[in-house]
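Shown next, in structure tokens, is the structure this report addresses.
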């Protein structure tokens with residue numbers, strides 16, 4: 001898929017306005033589907049969203065970024081908080097938030113339990129049980145589950 005041609009097509013079909021700036025993939029985007037840069041008008045998109053969630057979700061993200069784009073160049077409110085943005089986003093059926101991506105490098109949760117009061121602690125990082133104690137009763141902590149690394 002040629003990204004620039006696709007964004008131009010979505011802009012004409014859904015907004016009735018041409019897109020005349022630059023579009024590019026940005027692999028460094030983590031928690032967002034795309035970004036609009038008002039300074040020069042270009043758009044960045046997260047390729048993982050397209051690969052993992054498919055074309056339907058990606059089209060809605062393109063619509064979201066094009067809402068920012070077209071409203072900015074019309075001199076209207078283009079930020080998420082602005083009424084113009086919210087109304088246009090709803091009219092073109094764009095996504096407000098990106099659905100979460102399957103994260104392959106997320107850390108497994110470690111579960112610790114106090115031996116005295118049975119208080120549970122969930123942590124992504126290891127706790128030194130020789131050094132740290134329960135925050136409620138000062139009892140010893142015990143690692144309950146050891147996730148596979």
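Just so you know, glycine gets a Cβ as well, placed from its N, Cα and C.
Taken straight from Swiss-Prot:
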type	residues	note
ACT_SITE	65	active site
BINDING	64, 68	Zn(2+) binding site
DOMAIN	4-144	domain 'SprT-like'
> When a 10 Å sphere is centred on the Cβ of the residue listed as 'active site', how many other Cβ atoms does it contain?
Replying inline: 22
> Taking the domain 'SprT-like' (4-144) alone, what is its mean pLDDT?
Replying inline: 93
> If you draw a 10 Å sphere on the Cβ of residue 68 (Zn(2+) binding site), how many other Cβ atoms land inside?
Replying inline: 22
>> If I restrict to non-local contacts, at least six residues apart, and a C-beta distance under 8 angstroms, what lies near residue 64 (Zn(2+) binding site) in its own chain?
In response: 33, 34, 89, 94, 95, 96
